[in-house]
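> The active site annotation in TrEMBL covers B:Glu106. According to TrEMBL, the compositional bias 'Acidic residues' annotation covers B:357-367. What TrEMBL records for B:7-192 is domain 'UmuC'. Here TrEMBL flags B:357-427, B:458-482 as region 'Disordered'. Residues annotated as site 'Substrate discrimination' in TrEMBL: B:Phe16.
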Amino acid sequence: MKFRIDRDALADAVAWTARSLPTRPTVPVLAGLMVESTDGGIALSGFDYETSARSTVDADVADEGRALVSGRLLADICKSLPGRPVDVSVDGTKVSVVCGSSRFSLQTMPVEDYPQLPAMPTASGTVSSDDFATAVAQAVAAAGRDDVLQLLTGVRIELEGSRISLLATDRFRASLRELTWFPESPDASATAVVPAKTLSDIAKSFTAGGELTMAVATGDQGPGLIGFEGSTASGTRRTTTRMLEGEFPKVRQLFAANALTVAYVDRQELIDAVRRVSLVAERNTPVRLTFSDGQVLLESGSGDDAQAQETLEARVDGDDIVVGFNPTFLLEGLQVMTEPAVHLSFTQASRPATLAGVQELGGEPNTSFRYLIMPMRLPG
Amino acid sequence: MRRQATVLHLDLDAFFAAVEQRDKPSLRGRPVVVGGLGARGVVSTASYEARAYGVRSAMRTAEARARCPHAAYLSGRFDAYRAASRIVMGRLREISPLVEPLSLDEAFVDLAAGDDTRDLDLDGLRALAEQVRADVAERTDGLTASVGIASSKLLAKIASELAKPDGLHVVTPGTELDVLAPLQVRAIPGVGPVTAERLRRLGVQTVADLRGVDLPDLTSLLGSAYGTSLHALARGEDHRPVVAERETKSLSVEDTFETDITDPRVLADVATMMSRRVSERLRGNGMSGRTVTLKIRHHDFETHTRSATLAGPTDDGRVIARTATGLLAEIDTSSGIRLLGVGVSGMADWVQDDLFVTDEDAPDEGLSDDRVSDDGRSDEADPDDGPDGRGPLPDADAGPETGGLPEAARDATTRTPPATLRSRPRWAPGADVVHAEHGAGWVWGSGLGRVTVRFETRHTGPGPVRTFDADDASLRPGTVEP
C-alpha cells in the first residue's frame, strides 16, 4: 500500500472515522483504523460492533493494499502534520507517514483479525444534513440519560412517506420533532430506535452541507441497523449503527391534549429568569410559574430556606394557572428552540405542558418541534 | 429519669371503637370491633364491651367473631379518626411545645418545656391532667382519654395503662421501682408475646423477676441492643427525651406472614399492595420519596434489604410498586419468605410524576386482600430510628420472633385497621353516607346489590334503619364531621 494525499482531506477523514472508535476496546483490533488504498482513492474504516464508520478520500494511489493501525494515534498525528502533501506507505509490519520533513512509523495490527463491517442498508431516502442536525439536536433534549432504562436513552425515528418524526422521552418529559425528507419510494415506512448520543454525534458530523442519505434495515435476526451516508468535497462518509430493541413508550399521543391556557413569553428572557430563580431551588424542588393577566411570576425556594422571585411580561390567554417544573427540564427544552419566543400550552397544573417555538407573542407556534414536560406537584 | 414527674402520656381509650360509638348512637354500650373484615383480617380496636368477651387487638377477626358474634364489625373510618386525633393533639400542644405523637391516639408531652412557672407538685399535675382530660372529652364530643404522668417515658406510659379507662395515674418520683416491680414483663412497651415467652422459660414473669437476670444472660437471650435496653428499663432507667416533630427520614410498611410464602407471584401481589399503603401514607403526610427499599426476611430469619433510587421523588403507589417488584424479582424466594416490607426514603416535598404510569399497573386488589395477613401498623409516619423499637426498614430487629402473631402485635400502640380495607367498594360497613331525603347515616350492612343504612349521627339518638339499592342515586358517601 502506498499513496500520496492532501493533508487536510486526510486529517478530516481520519478524525471523522476515528471519532467513534472505542477508547477501551473489548478486543485490541477494535482500537484500530483500517486504511485501504484502491484505484483513485483510499478508504478508512472503524467499527466497535455497535457503530461502524467508513470514509473515502481521493488520493494518488501508487500501490493498492491495506493496513490496520491505532486510530487514536493516527488521528493525533494527522491533526498536527504541517500543511504539505502526506505520503503513506507500508513497510513490512510498519506504516510510514511522511509529511515535509516529519516522519512517523506506526506498528500495524493483524488485518485478518478485523471484523467485517456491516453493509449499508438499502431502503433509503435523503434529507438536508443541516435540517437533520438541527432536528436531532432538538429531539435528543428529552432523551433519557439513565442506562438502567436503556431503550429510553434512544430516539425513535419514524419514517412515514415524506415525513420523518423524531421522538424521545425520559418518562418525565418528551419531545416530538417532525421534518420532511425525500424517500426513494413514496410509501416508505420504517421505524428505528437509535441511541441518542450516537445519533447526535452522527448528525453533527454531517453538517458540511448537502444531502444526507438515510436507510433503515429491520433485522431478520438480531437488532436492525440504520445507516447514514453523505459526501464531502473529497469523498464520501458512511456510518451505520445498531438499533435499540424494545417497545418504545407511546410519545406521540401525549401531545394531543387541548389547551385551556396558552402563554407566550420571550424565550431568552425566560431562560435567563429560570436560571436566576433556580439558583435557590434545592435538589428535587421546582421553579413555580404563575401565569396571570399579562405576566408570568417565577418563584423558587421555600420559606425555610432561600427564596427567589422574578416577573416577566407574558401574553396569557385562558385561565390563570400555577405550575411547577424541574428547572433543568424546562431549560433544556427552551435552549434547543430557535424561535425568539416560546408558546406554552396547559390543561391543568398536574398534567403535561407543551412548549413550542413562536416568532412573536400571539403568533402561530412552530409545531415542527414540540417539547412536553410533566410538572412537579405537591404530594397528596 | 427526671427528678420531677414531667413526662405526660395520653392514650385515648379504645380510640377507633370509641369514635364509632360516638358517631353511631345505636352502638353505644354495645360491643364494637374495628378491623379487617376479610377472611384473614385482624382486629384493630375492640370496645370495652367487646373486650369483656375476650376480643383483643391483633386477634384474628374470625376468632373475634367466634367469641363475640353479636358485636358490630366495622372496617374503620380513617378520616374521622384523624379529625379527632388532630383535636386531641392540638389540646396537648396548648400545654407544651414539646408534644411527641406516637400514633393517632397517643402522645408524650414534656411538661418541663415551655411554661417555667408551671406548678409541678403532684396536686398541680393532677389538676392539669384532669383539665386536659375534660377538655378532650368536651372538644371531641365525648371521647375519653387516660393520662399517666411520671419521671420518664416508660413510667408515664405504664401509668396511663394503669389509669385505663378514663383515668389518671401519677407516679410519685422515687416510687418508680415499686410501681414496676409487681407488673408482668409485658407491661414494658416493646415486650410482646414472643419475648415474654422466652423470658417465661427462664422463670421470669414480673419486672422484679427480670431485674434478677444479669445483663450477659439477657443479651445472649435477646441480642445485644434489645437485651441492654430491657435490662435498663427493668430498673426504671429511661432517659429518652420527648422529641417533637421528629423529621421523617423514611416511611415503610411490613408484614410477617402466617406461613412462609414461596410463590413469587403472591409476593409480588403483597409488595404491590404494600406499595399502595406506603403511597397512601406518603400522601396522608404530604411527603414523597426518591428511594424505594424492599425488605425480605427469609425462613431462617436472614434479613436483606435492596433499594433503588428513582429519577425524581414520587408518592405514586404504582411507581413504588413497579420499583419494589423489580427489586423482588432479583431475590431468590424459593426457600420461603416470612416477612416482606416496602419503604421509601430520601424524602422530599415535591413529586415528579411519570408520563407513562397508567392504571394498568394498578394492583389486583381482591387477590392481595385475601392473601395478606395484615399487621395493622401505625398510621403515623415511622420516624427514622424512633426510640420505640420501630426503626426504619433496614432495622436491626429486636430479635427473632416465632409463632403466628403479626410482628406488630408486640407493640401495644398499633391499632390501625388494615389499610387494605380502605379501598374497598363504596358501601363498607360503618362508612358514612348521606341520603338526599333521610340525611346522614352509616352503612349498617351491604350485599346482593342492596345496602342498609342506619340514619343517626353523634347528635341524634339511635336512628331508624332503611334498605336501598346499592346504586341508588340519592345515596352518596358522607363527609367527616371534625
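Note that Cβ sites are derived from N, Cα and C of the backbone, with glycine treated the same way.
What's the neighbourhood like for each of these?
Within the chain, the region 'Disordered' (B:458-482) has long-range Cβ neighbours (under 8 A, six or more residues past its boundaries) at 22-23, 25-26, 77, 79-80, 83-84, 86-87, 141-142, 426-427, 431-438, 440-442, 444, 446, 449-452.
Cβ neighbours within 10 Å of B:Phe16 (site 'Substrate discrimination'), excluding its own Cβ and spanning all shown chains: 30. DSSP gives B:Phe16 (site 'Substrate discrimination') a helix state.
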> Pop the Cα-Cα gap between B:Phe16 (site 'Substrate discrimination') and B:Glu106 (active site) into the table, whole Å please.
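One finds 12 Å between the Cα atoms of these residues.
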> Could you give me the DSSP helix, strand and coil counts for the region 'Disordered' (B:458-482)?
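Secondary-structure composition of the region 'Disordered' (B:458-482): 0 helix, 8 strand, 17 coil.
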